[in-house]
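Chemist: My structure is below; once you've seen it, I'll send some questions.
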């Protein structure tokens, strides 16, 4: 789902003017230990890293470099970009060192992940959290990158960003979400709204409607990302604090019974009772053949006993039109309208 | 892998004489809160339950009943045996009530699970642990049943049994392992040794050899079962205590990167450093196509830094020839010879 071989909307460089025009969207008050990285500006240098799996093909690496350049940035290639060790982009120590170096490097302004796959939990103990804390930068990625986003926010107080990988096409939708969060630094602003109809109305409505599971309104800091990765942090020293958070979850390629098992683990661990609200993003390629509950049933049932707003269907996850969700930022979840509203600046 | 439609070795009832001859294999000293259930004897009544998924077909239920009868027991059918609610054998409350009732019922001497599948984590908070503690009985099953085996041992002190489901064929090997642990109550006794050659030597050797990852000898009480289920207990109130244990693990249908992720979670949670030894059983149908590490590589690598004996290949898991492992019993793991030796009586 992540792989794209065409740049749809970037090569015409519509963002360049947006980047050039980007100014301050308001003062960024420090909230305790919260660290806001510098917003993206034209000409900045983006470090491109592979902390999890390697690129599928070399052409995907060149594509990712083109994507980042077309967004208006210089690219600093990670040392491990072309490494392949089965499903990992090189040995753990090398991937961790590459990642740490990008935060230490004064030439690098932001860090984008080329892709997810699998591998970030393996390097969590090898990250240099002190250096990351001393050099706050935008960190962008999703899927397996979820472990990094949440662990780094937890340990460093840095706001991190659940959003597109570099090796994917940026649709107009994705580009606009990316721009409003990371470039223009807008707030308050709605994140991940269902895009307007494309293609046949029936199909798009089914996929892109935001569904209310439980109404009401709640505030909290955002944590979450990939459900599998969030569960794989449970019981470890990298388990995030779920209390009073707005939890967002997505996944890909997991059968409903697996989604059930993972949500049941979060429930048994008390996490679903600790959060102030839940946003289910997209659960794509869920292998729903056979004698199974639907994903909708599983999500709805596990939410049924909760007393917080729960919505489903925001554009979070393995989809072409994808929003950017800042991990650690204060947000409001309006369960009645299905809106997730960013409440504070997330870049400085 | 669990499903079998033929009874191979049971209908000739070779076990009946064994059951009739079963006597006391020695006094069972109480070790703290440890509870040993009564050994299996001919004519006992076995409660047949479906705490996870339903049977595939009604004929599988009839088959399971025939298996239990052919072992020399009467069968008390669980109220949920024929229930099907998508991948569950009926609603959670009904499955939990059925399970609780079997332990409370004075007519029922032992509880066998018809199959695993998925669903036991959902009912963990609904089990009547006090009643189970007051009515210690043999509980037998594996795969998804892992959550019950470990949670019940943890909460009740009852020794539970990781072994065949009722809806599977008992090979000669399986029957002998079943008999020596649950009927004859032997100790000290080796569990899960690789069976002798069957079929072509090359194939069998590859599958059934016990491999030493790290030598040495260790003692500890047994915990474990299905890797996925053990991980799904982490961070929950049903997480077992891993300290000083001999941990045994198996899985089915999980790609190496998933096995990697789960072992990494156990490692990050400190559990691999807490145990006194590790026994990897069988990891069947592991989807090893594509650009992936082998299962062997994943298991070996995650064990490399440990200072306890680690072996791979005992007959634990989704295989025809399957042993019975008593959860909670004291065992010795000899990493040099690859032997897992039960050190105390597990039935009374």
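Even glycines carry a Cβ here, placed using N, Cα and C.
As listed in TrEMBL for this protein:
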- B:143: active site, nucleophile (ACT_SITE)
- B:250: active site, charge relay system (ACT_SITE)
- B:318: active site, charge relay system (ACT_SITE)
- B:46-163: domain 'LD-carboxypeptidase N-terminal' (DOMAIN)
- B:219-333: domain 'LD-carboxypeptidase C-terminal' (DOMAIN)
- B:1-27: signal peptide (SIGNAL)
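Locate each feature and note its surroundings.
Modeler: Of all Cβ atoms in the shown protein chains, 27 besides its own fall within 10 Å of the Cβ of residue B:143 (active site, nucleophile).
Residue B:250 (active site, charge relay system) has a Cβ environment of 27 other Cβ atoms inside 10 Å.
Residue counts for the domain 'LD-carboxypeptidase N-terminal' (B:46-163) by DSSP state, with H, G and I taken as helix and E and B as strand, are 53 helix, 22 strand, 43 coil.
Across the domain 'LD-carboxypeptidase C-terminal' (B:219-333), the DSSP tally of helix, strand and coil residues reads 32 helix, 34 strand, 49 coil.
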Chemist: Could you give the Cα-Cα distance between residue B:143 (active site, nucleophile) and residue B:250 (active site, charge relay system), in whole Å?
Modeler: 8
Chemist: Return only the integer: C-alpha distance in Å from residue B:250 (active site, charge relay system) to residue B:318 (active site, charge relay system).
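Modeler: Residue B:250 (active site, charge relay system) and residue B:318 (active site, charge relay system) have their Cα atoms 8 Å apart.
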Chemist: Can you give me the average pLDDT across the domain 'LD-carboxypeptidase N-terminal' (B:46-163), rounded to a whole number?
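Modeler: The answer is 97, the mean pLDDT of the model over that range.
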